[in-house]
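Trainee: According to TrEMBL, the protein carries these features:
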BINDING   HIS62, HIS64, HIS106, GLU108  Fe cation binding site
DOMAIN    27-125  domain 'Pirin N-terminal'
DOMAIN    183-284  domain 'Pirin C-terminal'
Amino acid sequence: MATASQLRTAAKVVQGTKVMEGAGVQICRTVGTPALRNLDPFLMLDELKLPSDRASAGFPDHPHRGFETCSILLSGRMEHADSMGNKGVIGPGGVQWMTAGRGVVHSEMPVVERGQLLHGFQLWVNLPKRDKLCKPRYQDYQPESIPVLEAAGARVRVMAGDASLGGKAAAGPIAMRNPGLLLDVSLEPGAKFEQAVPADWNAFAYVYAGAGTIGGAEAAREQAVVLAGPGDGVAAEGGAPGGLSFLLIAGRPIGEPIVQHGPFVMNTQREIEEAFADYRAGRLQRREDDVWAADEL
């Protein structure tokens, strides 16, 4: 189990807000609401639950520029397709990290599977000014490529960053432009978890099942816990009767101006206007971009 010299405490517990997005999809949003506008570098976190009889709903073609998205699925399957003909599918336990950079126009639609609930999350992560117009890139990871740590009633899926549990350590496969941590943690009742987080990073947890204690505060389903410093670690404990499942998300702040208008996140209003102009003119996504290229960041 990763240890820390000083544990962070909960500064705020934010109840999720239900909003409609895409083609009639109801999501639960915590980061990106009036209660928690953003937590640098994190811009938004949505939880999605979509039954199979609502499979026609989804997220038809839409643009992005200036940030990254992370799509995490717990159940069901989602197909991604962009305007250049690139396609990919992530299934239960899979993760897609998309760097929109200078521009992507894509869709995210459920794969119809009778009786199957589509349950997952989407996280928006800001890019620093130097990377906002970088080459777009997709990283798709199926569950077998995501390390899992288990010990004493705790289970941790390591999607990004470094984690340790029960004397074992693992590093997540996602290549991030800005250093960060992304864990999926499940704790049985009474099981404890501790994770080191750099003291100068921002961090929060989102509870998607059960209830328990995070940063010394009681938290339950559809709540986000902002974990404030000083401190270089986070602790949690599963509650009775069903334990606790949550995402632990942390990252180094960028510390730059954020100007966001819908699907575009830049540093100035002029850059937002340029993004809309490029989108209207069909210049947002370039045909020469090989978005699946595994080049170095």
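Backbone N, Cα and C atoms are what each Cβ position is placed from, and that goes for glycine too.
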Trainee: Looking only at the domain 'Pirin N-terminal' (27-125), what is the mean pLDDT?
Mentor: 87
Trainee: Starting from the Cβ centroid of HIS62, HIS64, HIS106, GLU108, which together make up the recorded Fe cation site, report each further residue of the same chain whose Cβ lies within 8 Å of that point, ordered by sequence.
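Mentor: Apart from HIS62, HIS64, HIS106, GLU108, the close residues are PHE59, ASP61, PRO63, THR69, HIS80, ASP82, VAL104, VAL105, SER107, PRO263.
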Trainee: Given a 10 Å Cβ-Cβ cut-off, pick out the one of the binding-site residues HIS62, HIS64 that has the most other Cβ atoms nearby.
Mentor: HIS64
Trainee: Could you give me three numbers for the domain 'Pirin C-terminal' (183-284), the DSSP helix, strand and coil residue counts?
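Mentor: Helix/strand/coil tally for the domain 'Pirin C-terminal' (183-284): 12 helix, 53 strand, 37 coil.
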Trainee: Around HIS106 (Fe cation binding site), how many other CB atoms lie within 10 A of its CB?
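Mentor: There are 24 such Cβ atoms around HIS106 (Fe cation binding site).
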Trainee: Please list the DSSP helix, strand and coil residue counts for the domain 'Pirin N-terminal' (27-125).
Mentor: 3 helix, 60 strand, 36 coil
